[in-house]
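Please read the structure below before turning to the comments.
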Amino acid sequence: MEFPFDVDALFPERITVLDQHLRPPARRPGTTTPARVDLQQQIMTIIDELGKASAKAQNLSAPITSASRMQSNRHVVYILKDSSGRPAGKGAIIGFIKVGYKKLFVLDDREAHNEVEPLCILDFYIHESVQRHGHGRELFQYMLQKERVEPHQLAIDRPSQKLLKFLNKHYNLETTVPQVNNFVIFEGFFAHQHRPPAPSLRATRHSRAAAVDPTPTAPARKLPPKRAEGDIKPYSSSDREFLKVAVEPPWPLNRAPRRATPPAHPPPRSSSLGNSPERGPLRPFVPEQELLRSLRLCPPHPTARLLLAADPGGSPAQRRRTR
């Protein structure tokens with residue numbers, strides 16, 4: 001396949017490996033390209049044209065390989081170029097093969113389901129003008145060595161009859177294990193364990209950043225120590241202790257006279273009324289005659305003397321009767 005730009009300058013090696021980023025490979029020393037030329041756009045054009053040619057050769061309604069699909073999936077494409085025939089000195093593309101790891105549920109010889117993640121052949125195309133010249137085997141063998149897998153460990157997505165004959169001719173893959181999906185696996189597929197897919201570029205980038213500039217993680221939050229379980233007071237005890245506290249009433253009630261504090265050792269309670277500790281002892285009984293005698297002997301008050309001096313004519317008995 002020919003293109004209007006220099007393919008030989010874009011792909012220095014005979015076989016070029018591209019991932020989802022579609023970055024141009026390193027250029028040879030001394031090779032110059034104008035700055036205005038977008039190399040990634042040229043790569044996207046090549047992949048789109050190869051996908052269309054492959055879909056046409058397999059009688060597919062739409063291409064299964066395109067630059068946009070490559071950028072949205074973790075697939076790898078191997079592109080084979082022809083440097084011998086240099087039409088207009090720009091080189092040409094012979095074909096490509098696209099692979100990628102996929103998680104599949106496949107049946108074994110006992111029809112048991114197995115969850116595997118093998119390397120899958122997703123698209124394979126060699127230009128019609130250069131078929132049966134060994135280019136397909138060269139490209140396929142290079143992919144096996146680069147991915148470090150054996151032919152019987154592969155799973156092929158909807159292979160064409162040409163591809164099945166190719167695998168039978170060059171790798172003796174003939175007996176298939178029936179599946180319920182569109183993938184084809186061959187006898188010996190379960191004999192070896194499949195290599196897990198490479199870590200994602202994002203995870204690799206994060207791990208490298210952590211190695212260069214490790215960020216200290218926040219310390220784990222410590223929980224407060226659990227209190228030792230002691231004797232729990234009953235609710236009634238708490239109430240009694242609360243009532244023991246003397247609460248002073250607000251002003252002016254707090255100025256009222258308080259009751260006298262009872263003696264520390266009160267006298268023993270007796271059935272006698274005179275000995276009652278609550279009412280106290282009564283005064284002894286005084287006869288009426290003695291009370292009157294004490295009043296007569298008591299000197300008069302100064303005020304009474306003044307009244308007697310103001311009324312000398314009246315006798316004390318008369319004054320006592322008129323009052």
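Even glycines carry a Cβ here, placed using N, Cα and C.
Feature list (source: Swiss-Prot):
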DOMAIN    1-190  domain 'N-acetyltransferase'
MOD_RES   Lys56  N6-acetyllysine
SITE      Gln58  site 'Crucial for catalytic activity'
BINDING   124-137, 160-169  acetyl-CoA binding site
MOD_RES   Lys146  N6-acetyllysine
REGION    196-239  region 'Disordered'
COMPBIAS  209-220  compositional bias 'Low complexity'
COMPBIAS  226-239  compositional bias 'Basic and acidic residues'
MOD_RES   Lys233  N6-acetyllysine
MOD_RES   Lys244  N6-acetyllysine
REGION    252-287  region 'Disordered'
MOD_RES   Ser272  phosphoserine
MOD_RES   Ser276  phosphoserine
MOD_RES   Arg305  asymmetric dimethylarginine
MOD_RES   Ser315  phosphoserine
MOD_RES   Arg323  omega-N-methylarginine
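Distances between the Cα of Phe124 (acetyl-CoA binding site) and those of the recorded positions Lys56, Gln58, Lys146 are shortest for Gln58. There are 25 other CB atoms within 10 A of the CB of Phe124 (acetyl-CoA binding site), with all protein chains counted. Distances between the Cα of Gln161 (acetyl-CoA binding site) and those of the recorded positions Lys56, Gln58, Lys146 are shortest for Gln58. Counting other C-beta atoms within 10 Å of each candidate's C-beta, the recorded positions Gln58, Gln161 are led by Gln58. Taking the C-alpha positions, the distance from Lys146 (N6-acetyllysine) to His133 (acetyl-CoA binding site) comes to 22 Å. Summarised as a single figure, the pLDDT of the domain 'N-acetyltransferase' (1-190) averages 90. If you take the Cα of Val130 (acetyl-CoA binding site) and the Cα of Gln58 (site 'Crucial for catalytic activity'), they are about 17 angstrom apart, rounded to a whole number.
Its Cβ placed at the centre, Leu167 (acetyl-CoA binding site) has 21 other Cβ atoms within 10 Å. All protein chains considered, the CB of Lys146 (N6-acetyllysine) has 13 other CB atoms within 10 Å.
Residue pair Lys56 (N6-acetyllysine) / His127 (acetyl-CoA binding site) shows a Cα separation of 11 Å. Straight-line distance linking the Cα atoms of His133 (acetyl-CoA binding site) and Gln58 (site 'Crucial for catalytic activity'), rounded to a whole number, equals 20 Å. Counting every protein chain shown, 22 other Cβ atoms lie within 10 Å of the Cβ of Gly136 (acetyl-CoA binding site).
The recorded positions Lys56, His127, His133 differ in how many other CB atoms lie within 10 Å of their CB, and the one with the most is His127.
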